[in-house]
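Student: Next up is a structure, given as structure tokens.
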């Protein structure tokens with residue numbers, strides 16, 4: 001993140017801070033206590049680059065902006081080129097669903113950015129094991145870093161995600177994301193902000209425990225965000241028994257209690273929560289058949305009643321409580 005912050009400072013933020021909190025600002029008497037140990041003006045602003053408060057503000061804004069850009073770049077691409085628009089006819093597709101998915105995402109992102117900024121600032125200030133030299137820990141370890149992150153985070157996210165389904169936590173934190181029974185790519189980041197934050201913790205914890213190259217760290221976040229969009233597009237190209245891809249995650253959104261893993265089915269298998277996707281989920285024709293939908297709706301409604309004590313959703317073209325059996 002220090003690379004990203006440095007580029008942001010060079011391109012824009014230095015000028016912003018010079019304009020908003022210049023050395024001769026009328027706010028000087030109030031900002032001097034926050035301007036650092038030197039109590040002097042550096043870089044044309046009372047909040048110089050190395051100031052921890054400036055770093056926190058800057059990182060929060062940069063993470064928020066990059067999140068919005070990434071979301072509106074790749075979620076629409078997935079929607080236009082991969083997502084099957086026949087899903088709109090599914091009896092459990094919500095009225096105005098995409099608008100609600102985007103709205104929840106936009107409300108959650110600034111809060112998640114504020115929460116995750118603490119981790120990024122700690123990294124920038126040298127408290128993590130992030131490093132810049134590609135050869136510092138050898139090329140073999142460099143090549144293994146992304147697989148190690150996948151293994152590490154897959155384990156922790158399984159237990160975090162499963163914990164969020166506990167009755168005491170589900171209705172307060174995780175239920176907003178399960179509002180989407182048949183999600184679109186725009187549901188990928190549509191979380192309660194605390195839900196999204198706690199599920200991101202393994203990615204932030206990793207570089208405080210293990211050496212991690214800074215470029216690999218950035219690549220990891222790009223990959224994770226792409227993966228999150230991909231598993232919500234509903235396009236299961238193969239019924240893979242190892243990868244917890246779109247097929248497995250479709251099962252999770254439909255039936256709640258299965259396939260909590262992020263990348264693989266390993267921990268679901270060990271924890272007894274793995275459910276192999278039905279073959280029709282991977283068949284472009286069968287997955288849109290009325291018989292498939294009728295079967296899904298029957299089990300979905302039972303699961304909603306058990307997990308949520310009733311259904312407050314309004315479905316596309318249907319009023320609450322009416323089941324589409326067509």
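FYI, residue positions are counted from 1 along the chain as it appears here.
Glycine too: its Cβ is placed from the backbone N, Cα and C atoms.
All TrEMBL annotations are machine predictions without curation.
Summarising the annotation, TrEMBL assigns transmembrane segment to 56-82, 102-122, 142-161, 215-232. Here TrEMBL flags 148-272 as domain 'Fatty acid hydroxylase'.
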Student: Do the transmembrane segment (215-232) and the transmembrane segment (102-122) share at least 3 Cβ pairs under 8 Å, sequence separation 6 or more?
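Tutor: Taking Cβ pairs at least 6 residues apart, the transmembrane segment (102-122) and the transmembrane segment (215-232) are not in contact, as fewer than 3 fall under 8 Å.
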Student: Using DSSP, what's the helix, strand and coil tally for the domain 'Fatty acid hydroxylase' (148-272)?
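Tutor: The composition, in the requested order, is 83 helix, 4 strand, 38 coil.
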Student: Take every residue in the domain 'Fatty acid hydroxylase' (148-272), average their pLDDT values, and give the whole-number result.
Tutor: 95
Student: For the transmembrane segment (56-82), find every same-chain residue at least 6 residues outside the stretch whose CB is under 8 Å from a CB in it, and list them.
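Tutor: 1, 4-5, 8-9, 13, 105-106, 109-110, 112-114, 116-118, 120-121, 124, 184-186, 188-189, 222, 225-226, 229-230, 233, 235.
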